[in-house]
């Protein structure tokens, strides 16, 4: 077989039970990724009291966790290209679950920091693989919406975990460990193994057209049995099989500009969001709120997160993603600034709610937008490197936040965070490519797909 025509055969499929089961599995992985990613932030105020941990030590652990995320992102792109999208998704999820479980048995801030670094590497790796997996399996006309739906469900892990933390952390001197035990449940993704299929586009990119065709036939049979006869796919575009994508590939102009743009997107998102979410409980506690109240207020604000992802699902395939990202980023900057200017508990919750709502929408839009800027050969590498550099940037972020707080006070932190969001919005407005026309072209039967 010379060509399996994976892109066009997938694009003409109606959404079916196959897509919904895949969505459920990816959402499950996202749920425990979002559950685990802020677990240190919710337990740090308790550790300050129990272990005498300082703000600077909290900053170091948080910073090094993002170094772990950087390496996880880079490794993820290699794993996804070598092992396949499905296998990489499974193993990266098991990785972060195992090391979150190990964190339950931490005996001091150093051991906890080591386990958090290893957990964070798995969290970031899983995210990169999941973004690519959804991008390659879903029809172009609806992949952004279903990318956002996965996050709508998955992001519920944040408020659920924060509410659990607000209930269990104050109980006694060891109950904070239950937060990490909860995050370890992501390993249960292995029960979805038989329901998931490898990406036919990955097989095709390796020249394994027979394997791609076999997977496509199985998917098509499932969908046809449920939805009836399928329309004919658009004719294929003959493409040579691509080999291993070396890092220097990103120096080519067609890959360099998207990589640089997405690096700015993820750097500003990472510093802007995690500067807020990782520090809000600790800074509120430092400003005189009790540990219980600070964790509870932050838990209430995260209720906005699933709504933000749902908002993204409503707009992502309807409008130009570039401009949605610009609008969301600007709103986050304003709400984050107002959050830092008030000590009224009601306004803290309101503005924090809005930050979480629009930021999670921004992230869902970013997950859909990022893979579209690359072809199949550069997709996992470009997405992984740009996302990883974004995470690596926040190795400095917590140190900057700690320095600003200790040197200039509470409010200076939120001026800094608002500034990072505005920078990201301006760069996207000036240089971000539009992708909606390419998506629409893929769904038109008379137009040959561009390979997005």
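Glycine too: its Cβ is placed from the backbone N, Cα and C atoms.
Features of the protein shown, as given by TrEMBL:
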DOMAIN    22-436  domain 'Major facilitator superfamily (MFS) profile'
TRANSMEM  21-38  transmembrane segment
TRANSMEM  58-76  transmembrane segment
TRANSMEM  88-107  transmembrane segment
TRANSMEM  113-134  transmembrane segment
TRANSMEM  146-168  transmembrane segment
TRANSMEM  174-192  transmembrane segment
TRANSMEM  255-276  transmembrane segment
TRANSMEM  296-316  transmembrane segment
TRANSMEM  323-341  transmembrane segment
TRANSMEM  413-432  transmembrane segment
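Segment contact is absent for the transmembrane segment (296-316) and the transmembrane segment (58-76), given fewer than three CB pairs below 8 angstroms at sequence separation of 6 or more. Touching of the transmembrane segment (21-38) and the transmembrane segment (174-192) is concluded from the presence of at least three CB pairs under 8 A, sequence neighbours closer than 6 excluded. Between the transmembrane segment (174-192) and the transmembrane segment (146-168) there are 3 or more Cβ pairs closer than 8 Å, counting only residues 6 or more apart in sequence, so the two stretches are in contact. Annotation: stretch 113-134 has the most Cβ pairs under 8 Å to the transmembrane segment (58-76), among 88-107, 113-134, 146-168. Non-local neighbours of the transmembrane segment (88-107) in the same chain are 26, 29, 32-33, 36, 39, 72, 76, 79-80, 115-116, 118-123, 125-126, 129-130, 133, 177-178, 180-181, 183-190, 193, 196; each lies 6+ residues outside the stretch with a CB under 8 Å from one of its CB atoms.
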